[in-house]
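Taken verbatim from TrEMBL:
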| type | residues | note |
| --- | --- | --- |
| TRANSMEM | 22-47 | transmembrane segment |
| DOMAIN | 41-290 | domain 'G-protein coupled receptors family 1 profile' |
| TRANSMEM | 59-78 | transmembrane segment |
| TRANSMEM | 98-120 | transmembrane segment |
| TRANSMEM | 140-158 | transmembrane segment |
| TRANSMEM | 197-216 | transmembrane segment |
| TRANSMEM | 237-260 | transmembrane segment |
| TRANSMEM | 272-292 | transmembrane segment |
Amino acid sequence: MEPRNLTAISEFLLLGFSEEPAFQPLIFGLFLSMYLITVFGNLLIILTVSSDSHLHTPMYFFLANLSFVDICFTSTTVPKMLVNIQTQSKVITYEDCITQMYFFLLFAGLDNYILTVMAYDRFLAICHPLHYMVIMNPRLCGLLVLVSWIMSVLHSLLQTSVVLRLSFCTDLEIPHFFCEIKQVVQLACSDTFLNDIVMYFGAGLLGGGPLAGILYSYSKIVSSICGISSTQGKYKAFSTCASHLSVVSLFYCTSLGVYLSSAATQSSHSGATASVMYTVVTPMLNPFIYSLRNRDIKRALKKSFGKETMKGPIALGNNLT
């Protein structure tokens, strides 16, 4: 098969979940609902944190950033899929595919890094409470988020730049609902050794490094909690990181499960379906996890809707239920 020159490529085809026309309205309605819930829920978290002075603390600063990233993360894939279903088209241009790939990797990386920063924040709050406010000052918080952005931008640039060098064959069908980098690279006719090396490097940078940091932070947190004598004290200390631990578990378990299952099965559509868990479902559930388990957020929401008047300052980090 004769590979076409890169400049000759004008479009890819996104096969999505099912080619059956009868399922398209159901898929459209389901994903539109999840997308709207994701945007509304995370936007509500951002507005609540920014409007309530009691929530102007490092923990909620990082939470607002996570919500912003989750909105952007979902917006890189779902709207294009909805447009394609509505127009009954599977086409995505080469330029749009590369752009989608870039921003998907960017916000996926930011999700990883901000979750790691939030674990570090909980580590300091529980293991070094007396020095917490001194260490986690506004300058450090802003610097941690800035470094996360820089690392994610550089990683995304590296990944997409090595894709640009590839030549593709006449088969340009992507068995996914978005331009997932691994699927795109597999369509190439030219040598993909460098791409494979860069992807493995990126997996370690985005997965292994942050996950190791999170595991280390929580090992120290568990050790510190075990040293607390009272049962009530242990519960109170653990409750300060319960929401974050739930989000971390959901994100990493689903994303790792997707890639392990994709390695074990040859079904392309099953891989696309499984990836919905961390690309769409996890960002949608994050606001529910934090709002339902977080007393501060619930009080701030009630105050915003005029149901409750805040009474007194809220203690930092020790008020989750």
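Quick reminder: no glycine exception, Cβ is built from N, Cα and C everywhere.
Automatic prediction, not curation, is the source of TrEMBL annotations.
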Would you call the transmembrane segment (272-292) and the transmembrane segment (98-120) in contact, using three or more Cβ pairs under 8 Å, pairs 6 or more apart in sequence?
no
Ranking 22-47, 98-120, 140-158 by Cβ pairs under 8 Å to the transmembrane segment (197-216), which is first?
98-120
Roughly where does the domain 'G-protein coupled receptors family 1 profile' (41-290) sit in mean pLDDT, to the nearest integer?
87
